[in-house]
Amino acid sequence: MSETTSTNEEKKKPPLNGRRAIPSNNSNEEENEVPEIEAFGLIPRGFNPKDYLRAVDIHMFKEPHEINKQQHHTDKYYSPKLIVRRGQIFQIQIDFNRPYKPETDQFWLEYLIGRYPQQNKGTYIPILVGNVLKPGEWGAKITHKENNSVRLSIMSSATCIVGKFRLYVAVWTPFGIIRTQRNSATDTYILFNPWCQQDAVYLDDEKEREEYVLNDVGIVFHGNINDIKLRSWSYGQFEENILDACLFLMDKAELELSGRGNPIKICRVASAVINSRDDNGVIAGSWDNAYTYGVAPSAWTGSVDILLEYYSSKQPVRYGQCWVFAGVFNTFLRCLGIPARLITNYSSAHDNNANLQLDFFLDDEGKLDTKLTKDSVWNYHCWNEAWMTRPDLPVGFGGWQVVDGTPQETSDGMYRCGPASVQAIKHGHVCFQFDAPFVYAEVNSDIVFSRRQKNGIQVIEKIDTTHIGQLIVTKEVGGDGMMEITEEYKFQEGSEEERLALETAVMYGVKKQSTQDVYQPQTDVDMDFQVQKAVLGSDFKVTITFRNRSRNYYTATAYLSGNIVFYTGVAKSEFKKHSFSAKLEPSSSSAFDVVIKASEYMSDLLDQASFHFFVTAQINETGKILAMQKATVLEVPALRIKTQGELVAGKVMSVTVEFTNPLKQTLENVTLRLEGPGVLRTMKKEFRQIPANSTLIWEVKTIPRQPGLRKLIASLDSNALRHVYGELNIQVQKP
């Protein structure tokens, strides 16, 4: 019998490693056995632990309305355990079997995390009871004694590991140490503390802390630069099991526990584990419009479903695109207490060879050569900013850091990006880790149109220096509006400072090819075009305008190409080709309309109803080429959300979602989703069909949990129509 048990024991042991005496401690979930009686030697016969001081019960004051969660801003977490922030005092009470006598009794607290706790790694923390608490250092002091109970104030270190700790009370006796039993009810979660000046994530503005740490709903700006659209996203960082799911992500990334007090390390590993490339992380990306085996990226209304599915299945959740990666990343950061916000960069460059220019190649007739053109302009791209000090960089580069979980390029061998200092990007100091050159290119590249002539020589026809990174935005603090932060990333276009920042970036190794010598801009004729705003399913027109500034009479051969594109700027198909001749009178403007019919684009339409128009024109008399490109997005109908009855926490309320199908066709395989943090967990309903012009109504009953201003968010997904959203702000009263 004894043999079998020993072999089982051996199986559990991790493989030996000749390099380190203790295996790596990179799981918050795993535990070690802690002896209840740790003898100093042979225990004499008459020894009875009950004769000595013994902890009978520990009160954690962990209810949302009690002192700890109130003072630590953790009362919103839907968890029965104690959750505190580091570097700040919290209270517990210990009931002993008899009154505590400080002259003869000696007890201390032990906090442990992981399977191999060690004091020098910060994974085993013994706390002696003293008279004074030093700010930002571990310590405990008795604040109140009554009968058999003592009340303790405990201060945690402002740099301690973030995670779930186990608590033991240890009592000294002449023969050995007696400890409390393992009790999961006394587990203590310790988080980052933006309210504590010694914490690396300290943020000094209360309104900003409320927004970037405590707000559980946000806004995603999408669409394109000429047609900004917005939708709400439920971060849900306080919902049930989300904190455990976020801690699991660090276990999944195998981040050593001793490194989990450092926001730089946490952000770096999280930006890799948020996507599934190379580590089976949280979300599998898909940009090909085929989502048969999962959920279309546009159908998600928030992060909670994604994180909980991953936490239970341990398999990547399908599917995401940039705003889904950014939404889930934001939940992760805010949940752990790192201030974070979701950013949208309009006209974002994805530069495949990092040379600060996007190369668009035209053939000898001036049409786009899709085989040669590898770079793309994303209509928009979402990433995150996390707030922290950067002691690894020179002074002045702390504050907002770019982190991006969308898999675009590898960094140190994995698909991840950041943290990169926004301040360093603005000033061109791209030598500072991590991935600053990539982000610099996303907001600063030039678009270069070049044409290969019949003799094989490449001629640069146009350089557009202002198209990329035209507008960078995030949600405003305390409201649903848009806040422009372009100036935090770059100086004014054409300013002296901007030129200096570019020269600095080039000096630090960002490749920039010299194009000035071969490029003479066309001066006497200008071309521009406008795309009419249109609703999905209707016809619209593109108006091309020429302005002839010279005194010469010119004729031009113009070509319009209409492409259906992914929001990443990658073309799926060309649905419109139109050539026309234009007569350009001296010193005058002339406009030409091209009509785009719904029947031309409906069959090939993608998720975000995005088009990309290319117009090129050749001046016949001079041979000069004019080239221009623009993206546009169609208007998509919205969902309507209504509530009935009184809205009181703890009482049943009714929510209805309505939608009218605007298309001339029946919608099939329709899925509706509805969620609202603190009001209702995500609900789904499927409908086989919605005929043309008919209205669907879905009613749901729910009991709101939390009073205050809340938000309901709904989405509709179907084969022919996506990115349909609705939202409603509601005020839930106290009972």
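Glycine residues also receive a Cβ, built from the backbone N, Cα and C atoms like all the rest.
TrEMBL does not curate its annotations; it predicts them automatically.
What TrEMBL annotates here:
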- C322: active site (ACT_SITE)
- H381: active site (ACT_SITE)
- D404: active site (ACT_SITE)
- N444, D446, E493, E498: Ca(2+) binding site (BINDING)
- 314-407: domain 'Transglutaminase-like' (DOMAIN)
- 1-33: region 'Disordered' (REGION)
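On the structure: features taken from TrEMBL.
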| residue | record | contacts (Cβ under 8 Å, 6+ apart) |
| --- | --- | --- |
| C322 | active site | W378, Y380, H381, C382, W383, T406 |
| D404 | active site | S271, F325, A326, W383, N384, R416, C417, G418, V439 |
| N444 | Ca(2+) binding site | A349, L356, I468, G469, K490, L502, A505 |
| D446 | Ca(2+) binding site | L356, Q357, L358, I463, D464, T465, I468 |
| E493 | Ca(2+) binding site | T465, T466 |
| E498 | Ca(2+) binding site | K490, F491, Q492 |
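Cβ proximity to the Ca(2+) site centre (mean Cβ of N444, D446, E493, E498, cutoff 8 Å) flags the following additional same-chain residues: T465, T466, I468, G469, K490, G494, L502. Counting residues per DSSP class in helix, strand and coil order gives 15 helix, 41 strand, 38 coil for the domain 'Transglutaminase-like' (314-407).
Taken as a whole, the domain 'Transglutaminase-like' (314-407) shows an average pLDDT of 90 in this prediction.
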